[in-house]
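Annotated in Swiss-Prot:
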- 493, 499: Mg(2+) binding site (BINDING)
- 560-619: domain 'KH' (DOMAIN)
- 629-697: domain 'S1 motif' (DOMAIN)
């Protein structure tokens, strides 16, 4: 009899067979599940602390998705030959898993929970992110932790006007959509996608299709819990202190109502801090008078936050103006300026209300492309977008350094939004880096990065297919009343039930991201929200087109210029030279960057047109073939008793025999030629060994004959 109580569930899902198992590996974790999808295997584990730390006032959930190089049969690079800091892909996948799980833990549950997913085996055609999300959901479900799941997930492609469930990487190449949706039996919780300018109804159809298809996975997790789940935790939320809630409401509500009539963010924030401080002080006075201990600040802070949410949500649902005085459909005032920075290749300052992005575009060569060593194999990225939000953007102090998960996620969303409208590498051979520096933030900075990014690219002369704009939306739902908010503020983001970001062109959507905190948002509500988002997007696109009608036709004088030439692939080694000596000398002496592809396409880039022309000429000379009958201006390299060695082209010499110098007999070659002398010669013979015979005499004879017949000699 086995020492393991192993439980296995299998199901067919789209074109793949999925296997879930628990009870054999990582038994000391609160929950552990192995997910196997056609040889892509992940181990998802969950550990929950039995009690919350004293004074804990937030839910400490961490999700770590870790790719092991052995899963693809590789040994890691680097000196230590072991996995190091998380890659950008691992960070993004960790966020993807975190987002649908977090809202399903009960309010007031502050025990530390850690979800760790290891990728153990990889089929290059099956991405590991969906198996990882299903595994994390299943591990939480079998652990017995208080979790309102399970969660299912699906990737949806759109190929030949048909939705495809969990496509392979090969299918994704021909898809106009890459959408990941996660949710429970009843509701969608998270959407992450990029698309090729698709209409809103196609995007929403993909969300609904994915949600329907994920029910198979949810059913399998339920069966796994039934046969292999641990007992549910006996956890109850701490009873609410109704007397304290009533007292805090009595003290703070009038002041909070007054604070939310202040339209300026900084002034409102100052007033709210004063209300929090005054409320705590008043409660301490009450406790002192009663001879009791004052309530801890974390509890009071949570009550005040709930009170703020109630006030703001109530005002909006009752049709009153929003925090900054707008109605639900109005976009904040927009100002646009391009060409902001004098020596960059392209720049734009995009300001929407109290959110501002300074976005810079830089053009580079093929050598500047990012090389990514992924599990599935190495590939190159010609378009990079980096998002930075320093603490001063919100008037705060804080750490400045390497990007945090949020910054990486926002950068990827902005990149997804723009990539569909970039020209192909054949149309525009440059590598492109866009950096968005958030200089002010009050909501929707990632969408400001999309708008500013598009404008900076156009300023740099990148021939974009269309203007791309992004807008952040919010939604508040109370019973059967709901309100969709256009262009949300930071405060509205925290207090709403759904926030979603839509980016796209006048033709359609290029990126959609949704995060839903409650279970009650129907397809019809999402339809209304997407229609209102389109209205907002079209307004912003109008402002952008007014400011910048299209891409600059001239590149910045500081951007590199490029020319391409085609050479015989067999000649590549001649251009590179032994140990790279020839190409190194070429780049240093001409001040150019030279990239050579395996098929013989040579790209020469430089800010100097003279340098490019010189490099082109030299490469053409190196790769040129010596042809019989051709005339060359050569240099005498060496004098011999029987003739001279003449250099015709780089690395290509020929013999000028003593009998081929002039018509008369030559007694001493030194009387006619000197080393270093320029001499015009004609190729009269080559052999299979590459030896070349030259003649100067032939040109003299041709000149004499031409003089007699009045026809010009061969040049």
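Positions of Cβ are set from backbone N, Cα and C atoms, glycine also.
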- Message: Please compute the mean pLDDT of the model over the domain 'S1 motif' (629-697).
- Response: 86
- Message: I'd like the per-state residue tally for the domain 'S1 motif' (629-697) from DSSP, helix first, then strand, then coil.
- Response: 7 helix, 36 strand, 26 coil
- Message: Can you break down the domain 'KH' (560-619) into helix, strand and coil residue counts using DSSP?
- Response: 32 helix, 16 strand, 12 coil
- 10 Å Cβ neighbour count around residue 499 (Mg(2+) binding site)? 21
- Conformational class of residue 493 (Mg(2+) binding site) under the three-state DSSP mapping: helix
